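Participant: What follows is a structure written as structure tokens; I'll ask about it next.
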Amino acid sequence: MKRQFSRLLIAGCTALLLTPTSQAQGNPEQGASLVTRGDGSGAPCMACHGPDGGGNAAAGFPRLAGLDADYLAKQMQDYNAGRRVNAVMQPNVDNFSDQQLRDIAAYYSELPIPMSSSSSNAGDKALAMGQKLAESGDWDNNIPPCSTCHGPGNRGVGNAFPALAGQHPSYIKQQLEAWRSGQRTNDPNQLMTAVAERLSPEQIDAVAAYLGSLSASTR
Ligand code: HEC
Ligand code: HEC
């Protein structure tokens, strides 16, 4: 069972890495002006994602700076198509064309990663548990290491596997819970659903705190 599950995961990962999903290039200068204006009906991005794209740890708004452009574009396309559902985020991009979304994605992907403002009061025990999950997994419960897919140091791989290192723990936790409860379902091949549904609430807190404590900047 264990072996079958890991084979399935590896097949899923390989399929993703081999699928040519690279999108047309965006124009970062166009993107810069779009993010300050917003889409007409929503708020300017920086109101929530910060002037430097660093997000907001307390509110659980994700950091966008330095994430892969195709990953960012896919997420915004998913909001617009109703594949990713979030009432706070959706209205902010629904008037943008596909090209505009790619321009915005190009802009954020090229922004330097701000120094992490994520502080966590997780104790050493929780951080150690989080590190073990992130780097070695919990095979007794069929949970592969996050780094299998999210790459060395969980700094992201290609356009399918986003960087987690230095992302806000509040946001990471929120996403894991969203997959567990079936609220987020836009992951290719249900790769994240399979992981999140096996995590205990304690493991979610621990791995979110650990990943948030990592330095994001080596891209
Ligand atoms: C009112 C606050 C708010 C504003 C304004 C806002 N966002 Fe967001 N954004 C959020 C929240 C909350 C999430 C996480 C939602 C979820 O859980 O799906 C999010 C998620 C995202 C994501 C997904 C990130 C990831 O790592 O998967 C992208 C991309 C994004 N926003 C882009 C934008 C852009 C571009 C704008 C401006 C045009 C914008 N946002 C404006 C609150 C906001
Ligand atoms: C089998 C591959 C795989 C494994 C293992 C995996 N992930 Fe993921 N993860 C993905 C994929 C694919 C996505 C992107 C989903 C999408 O496109 O919406 C993702 C996205 C995420 C996101 C959303 C990031 C964002 O910016 O919105 C979080 C948080 C996350 N994973 C956490 C974890 C954690 C924590 C672990 C380890 C306990 C883990 N993942 C293990 C494949 C995996």
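Yeah, the Cβs are placed from backbone N, Cα and C, and that goes for glycine too.
In TrEMBL, annotation is done automatically, which means it is predicted and not curated.
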Participant: Going by the heme c 2 site in TrEMBL, where C146, C149, H150 are listed, which of the candidates M115, M129, M192 is also part of it?
Facilitator: M192
Participant: With the Cβ under 6 Å from ligand 2 as the test, give me the qualifying entries from the binding-site residues C45, C48, M89.
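Facilitator: None, by Cβ distance under 6 Å.
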Participant: If one measures from the C-alpha of C146 (heme c 2 binding site) to the C-alpha of C48 (heme c 1 binding site), what distance in angstrom results, rounded to a whole number?
Facilitator: 27
Participant: Please check each of the binding-site residues C45, M89, C149, H150 and report the ones with a CB atom less than 6 Å from an atom of ligand 1, ordered along the sequence.
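Facilitator: So the answer is C45, M89.
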Participant: Taking the residues C146, C149, H150, M192 listed for heme c 2, what is the greatest CA to CA distance in Å, to the nearest whole number?
Facilitator: 11
